[in-house]
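J.: Pasting a structure below so you can have a look.
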């Protein structure tokens with residue numbers, strides 16, 4: 001946003017005279033675009049005039065919405081036009097006062113030209129002024145148009161357009177949007193969660209290099225048995241040395257006796273992708289009073305599993321259509337029609353399903369390229385955030401657990417087999433999403449589920465599911481690209497748009513750190529009670545000017561004595577102080593007995609010198625020396 005400079009040393013009468021003087025500026029020809037051509041250059045309208053002389057007119061680009069369609073020709077010379085249409089001495093004077101009581105120009109008042117009603121065009125008119133020929137294209141005036149007898153011919157429309165004044169927001173958005181801010185704050189709150197000792201008395205204080213463990217899922221004695229019969233639980237933890245937050249996945253009662261699996265762990269640790277939760281390290285511990293295996297992953301706060309997102313019974317109105325009520329047996333046709341009717345009313349949007357497919361195939365592609373297999377592609381192991389960003393989690397766990405369970409099996413030889421199982425699991429996952437039911441992938445429900453996909457979605461989605469579920473041929477994740485087709489460009493465009501939004505929001509906060517450093521320097525100097533055994537250090541010399549400048553920036557008052565708060569004024573003054581511009585301002589003491597006229601360059605010198613005195617005596621700078 002452009003800030004209006006506020007100069008307190010110039011009197012109000014001189015500024016008003018300057019605003020009035022701008023009305024009698026040099027002539028600027030008015031140009032109205034012709035209806036015969038879409039080009040903004042008015043030379044196109046000249047070509048239609050017969051025997052028109054070859055001239056070199058002054059051209060200027062105008063916005064069609066700001067051009068007046070009414071021009072007054074005169075027999076002697078064209079009319080005088082205000083070269084600064086944003087100044088109007090009758091509407092720009094406001095009562096926004098400063099401490100000296102003088103009114104200022106209101107920076108929130110913006111004058112614009114109203115669009116006029118279109119009317120039939122009148123033949124072009126030309127005038128020769130100083131040897132230069134100007135061409136005008138007229139339009140007939142509106143019926144209710146009033147004529148000004150002082151400047152207009154009695155038979156011609158008025159020369160000046162009508163103006164109106166409107167006010168912009170008094171507090172424009174200087175900071176990021178509230179939605180983005182709330183999302184980031186929510187994630188920070190989840191990151192800073194602390195465990196409740198009374199609720200979880202058995203949690204250890206430290207686990208290897210991690211502390212402050214917080215369970216991310218309910219812990220009970222009847223934990224679901226995942227990963228080949230081993231119970232599992234997840235925790236948020238903080239690294240002792242770095243303070244970074246990670247996700248710990250604990251495999252209960254697991255004793256590692258074979259270190260061959262660590263070769264897979266090293267491969268997974270090197271794998272980094274936007275749709276994968278990266279594995280950091282793996283270790284064993286007895287901190288939980290048993291032999292546990294700990295997998296450390298990146299922590300993504302605010303995420304939920306795909307199962308809770310789309311298949312949770314806790315959702316309002318969710319009901320799995322494939323779960324039949326055995327107490328009231330129904331004919332098969334009735335059940336199928338009921339499933340079709342329910343799915344049609346509760347299906348997921350197809351663009352969302354393709355969005356998931358693109359992200360999942362992108363993750364599988366990088367995994368298979370590195371001679372690895374996911375082996376845990378189900379809704380409970382896929383996390384999703386508020387932006388529909390998918391990530392595969394719990395990677396590498398199956399490789400370690402199965403290697404320990406069946407140490408005689410050569411896992412490297414079975415990688416290709418596991419990759420084919422990944423593609424089959426992907427097909428079942430897409431089918432479950434299309435039917436919005438985890439029961440749809442069962443063998444007895446497969447034909448009905450495919451019929452639902454054929455009726456509710458495009459043939460491309462059905463062909464992709466059929467290709468993934470077919471086990472007779474060797475499949476590859478790269479073969480899915482032709483089936484995705486141009487939808488990939490839609491996903492790419494959405495990501496770029498999101499990046500532009502984040503870049504725009506970041507640009508709002510770009511200067512905040514710099515302004516914060518300036519305010520920190522001022523705050524450490526102003527009103528300091530004592531320095532070097534001198535109680536009046538902050539009230540004398542350079543510090544006194546900084547005190548008056550603080551009042552000038554933050555303590556402005558209105559004519560009635562009330563606080564006058566203007567963010568634009570504060571940012572404007574702090575920016576000038578940081579640069580040290582030569583512009584001068586008048587600083588008035590609180591008792592109005594002293595007036596100092598100083599420049600921002602002098603104030604910056606005072607600020608740096610005073611802060612340097614403080615920094616020279618400081619014992620612990622703790623980063624403040626970089627301000």
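Glycine residues also receive a Cβ, built from the backbone N, Cα and C atoms like all the rest.
Pulled from TrEMBL, these are the listed features:
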{"type": "REGION", "residues": "65-86", "note": "region 'Disordered'"}
{"type": "COMPBIAS", "residues": "75-86", "note": "compositional bias 'Low complexity'"}
{"type": "DOMAIN", "residues": "220-545", "note": "domain 'Protein kinase'"}
{"type": "BINDING", "residues": "249, 298, 299, 300, 301, 302, 303, 304, 305, 380, 381", "note": "ATP binding site"}
{"type": "COILED", "residues": "486-524", "note": "coiled coil"}
{"type": "REGION", "residues": "525-627", "note": "region 'Knob domain'"}
J.: Just counting, how many other CB atoms are there within 10 A of the CB of residue 303 (ATP binding site)?
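T.: Result for residue 303 (ATP binding site): 22 neighbouring Cβ atoms inside 10 Å.
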J.: For the ATP binding residues given in the record (249, 298, 299, 300, 301, 302, 303, 304, 305, 380, 381), what is the largest pairwise C-alpha separation in angstrom?
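T.: So the binding residues stretch over 17 Å, Cα to Cα.
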J.: Do any residues at least six apart in sequence from residue 301 (ATP binding site), in the same chain, have a Cβ closer than 8 Å to its Cβ, and if so which, in order?
T.: 186, 187, 188, 190, 191, 236, 245
J.: How many other Cβ atoms sit within 10 Å of the Cβ of residue 381 (ATP binding site)?
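T.: A count of 21.
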J.: Suppose we draw a 10 Å sphere around the Cβ of residue 305 (ATP binding site). How many other Cβ atoms does it contain, all chains included?
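T.: Taking every protein chain into account, the count is 18.
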J.: What mean pLDDT does the predicted model reach across the coiled coil (486-524)?
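T.: When the pLDDT values over the coiled coil (486-524) are averaged, the result is 90.
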J.: Sort out the sequence-distant neighbours of residue 249 (ATP binding site) for me: same chain, 6+ apart, CB within less than 8 Å of its CB, listed by position.
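T.: Spatial neighbours, sequence-distant, of residue 249 (ATP binding site): 232, 233, 234, 294, 295, 297, 394, 397.
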J.: What are the helix, strand and coil residue counts for the region 'Knob domain' (525-627) according to DSSP?
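T.: Here the numbers are 52 helix, 14 strand, 37 coil.
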J.: How many other Cβ atoms are found within 10 Å of the Cβ atom of residue 299 (ATP binding site), counting all protein chains shown?
T.: 20
